[in-house]
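Trainee: First the structure, which I've put down as structure tokens, then a few questions once you've had a look.
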């Protein structure tokens, strides 16, 4: 097992810098998820750690050893890809053991490791099948098995569930998490799916445009997002953002409604309200002109606008709720659930 250090890491292609001074400490045995939208640099960062991309400047350390110039084969890592990367003419057993065979391991050692990994992943009955005879989830287990037999210091996962349907993704992400906890191997996982990130990671590194927006636990990112980007990216449905002004511990919305909160902050802010924190209240200060009810079974999402404005607002209510278009509904929100951001910098305002 291994700790990993990213120190002032920069990646450029020609004159274009795509990763900007990335810093991060990953502890031994930790499961880290790098999450962000398409094109943010998350897969590039993972490939740099793997040794598949060169480092422009900065250092990558594995177990306190700088590995910038080490070949991938010498970094003691194993990678699981989105497209499985299985050899179609080989059996599952041969696919899982092929890397060990190339490294010169004995046949007995290869068979032992493959059998152990197959037992962990519950694919022992498929060892003599070809990949074409397997489902997508089974193929992904084989790809993970190929990584496990290596007995590496670090697992790297590059969006391994993207090709699976929604139900199977939920099942497989739970299996990956249980597997990582069982093996205790330091793991880095890349995804664009914030729900996947929240359920898998001990900590999340949120990337945006090649910059680290925030690096913390899922709960830290949910409860105290450091920037507008993190606030809007983490959580489903997304946080509501309303123009507001703070004065003397009161928050005034653009339609004149006033909410208690804001602490010692003052001036114009972007106010963030999570839909699930809006509580139906006939005397509440937040009045929403409902345009659409989205029935999801356990909850109902009410989509509309802050009354008297064009600012969109979504409320999440438990159970089954119906409201005709144009219905005015009032909501209250606890002061501790208000999030305030500087409208110029996008950074969280000190409370």
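Don't overthink the numbers, they just go from 1 along the chain as shown.
Even glycines carry a Cβ here, placed using N, Cα and C.
Here's the feature list from Swiss-Prot:
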type: BINDING; residues: 36, 37, 38, 39, 40, 41, 42, 43; note: ATP binding site
type: DOMAIN; residues: 4-234; note: domain 'ABC transporter'
Trainee: Test of understanding: give the count of other CB atoms lying within 10 angstroms of the CB of residue 40 (ATP binding site).
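Mentor: There are 21 such Cβ atoms around residue 40 (ATP binding site).
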Trainee: List the other residues in this chain whose Cβ sits within 8 Å of the Cβ centroid of the ATP site residues 36, 37, 38, 39, 40, 41, 42, 43, in sequence order.
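Mentor: Not counting the recorded site residues, we get 192, 207.
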Trainee: What is the total of other Cβ atoms whose distance to the Cβ of residue 38 (ATP binding site) is within 10 Å?
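Mentor: A count of 7.
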Trainee: Give the sequence-ordered list of residues that share a chain with residue 39 (ATP binding site), lie 6 or more positions from it, and have CB atoms under 8 Å from its CB.
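Mentor: In sequence order, no residue meets the Cβ cut-off.
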Trainee: Enumerate same-chain residues with a sequence separation of six or more from residue 37 (ATP binding site) and a Cβ-Cβ distance below 8 A; give 'none' if the list is empty.
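Mentor: 192, 208, 233 - these are the non-local Cβ neighbours of residue 37 (ATP binding site), listed in sequence order.
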Trainee: Looking only at 36, 41, 42, 43, the binding-site residues on record, which one has the least crowded Cβ, with the fewest other Cβ atoms within 10 Å?
Mentor: 43
Trainee: Provide the three-state secondary structure of residue 42 (ATP binding site) computed with DSSP.
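Mentor: In the DSSP reduction, residue 42 (ATP binding site) maps to helix.
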Trainee: Taking the domain 'ABC transporter' (4-234) alone, what is its mean pLDDT?
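Mentor: The answer is 93, the mean pLDDT of the model over that range.
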